[in-house]
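Below is one structure, written out as structure tokens; comments come after it.
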């Protein structure tokens, strides 16, 4: 890349394990995003204060230190990447990465280096391990020579089923020269005080900054007391107690419920919390929209004016869902997503639908779709391969609903059912504006093609019905009929395959009337000889003006019915469909052909329609000659001789 570098499999290291993702480094800064969506890291070039390289087992690690005291560790670089990126950092950022070495001696004694929010343990001048003091929940002095650090017990860290650091202890002898003390203040006390100053931990720090009691949480279900601490979020219920680090909070969603006095607040986590064997990547809270609260933060003025300057206020008053999200955003640094430009037919932010067996609402957002409340499903636009509108088939109410199928690039599919018909135009316009690929039963999506899914059954092209209609005439040729003339009979009037009903009252002369009578007599004789179930009597019932239609045997000399443009298209494409889909059933072939025919433009249909017009003209000429035969020419001389 001319302006940067991109790496597909770089892991972000943390207490919860390592997560692979995509790393992009350009002149604007560093961006990392977890594979499959979720956690993302964005570091602006102006916020970077230090870079470092370290050789770790089988690969290389890039360390990035920011102004906020955060330290990101990216693992998975090759040796040749180190050289190229070092040159790029020097030219683009004006910074030369520091070379660090990893200690592999296994010794557990060395020196402690406090640098910003990081504590590094050095053995022989090389780094043995490094921890973030932002993760420290409490520090205590045990005896005169031991300093104990306790780390947050993060419920999301256990989601990866890996070990998590909870406690570490340092022994500092009185002979230590790095942290010099005196008789009243031993070296261990000096280290303890310095850690407290950096980690912002001390007496009463475990007290919540603010508490919201009796909050209804839909996932995981229950009522919880929600406590916001300086570095973690706590959900305390009657049966469950979750403690979640703010570093696990990916994003906040503030989504009002349509036509209901409630508002969803969703906390997206990466990694998710776990309850038993169930993972919860989203915490779905429900607040009363019109509820007003007034809260004061239990936080020192010094901390408020330094660490949380321009992020938090000493007190808040307003709607409970807005106050909660504002405080959580200030403490965690997570961004808030609200509804975008989409509006439903009732001027709401979501449409009613169902996912699997659960009813809920689907929020079309600017960068994704979010289905709530259960199961909470977030689908980002970047993960979508195509979107398909489908006709909803459920009894006789199919004209009032449709389905929306969203297929991901991973071949996974989400089917949102029972969406009201009047939401189609708004959804289609919104999805089209986002540049998402719309397919309609396998074809490229167009406004006309997608709209066909929502047509009434009488208006839509049904390939199966079309096939049956075109085969009806041919099949009727082989059907048994009760109107069969004798060998000496002239066969009666010719049969019209166009489906018109015969009218006995149209006889033009007595001869024709006599023929009709003889035909009826013959029919009555033959019906008497048939079994009772196969009798077909063409008699008029008393008090009824309707006549039973009688099956006729087709004259083999009658012209063949004209074919439609769709039938010509089917003849040409049927073999291709079978090659593309081996083993496909007959009915499925007709369905695919009908789908392709609907998606074709007028120009693409023109060759087949032209053939149909020619065949129609052929049929009209032949049927005219068939119905109106020319009189035979008789030789008068031969006729007189015979007489």
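Backbone N, Cα and C define each Cβ position, glycine as well.
TrEMBL entries are annotated by machine, without manual review.
Values in this document were obtained by computation on a predicted structure and should not be read as measured data.
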For the record in TrEMBL, which of the ranges 424-467, 600-643 is the region 'Disordered' one?
600-643
Looking only at residues six or more beyond either end of the compositional bias 'Basic and acidic residues' (600-621), which have a C-beta under 8 A from one in the stretch?
559-569, 572
Using DSSP, how many residues of the DNA-binding region (559-627) fall into helix, strand and coil, respectively?
56 helix, 0 strand, 13 coil
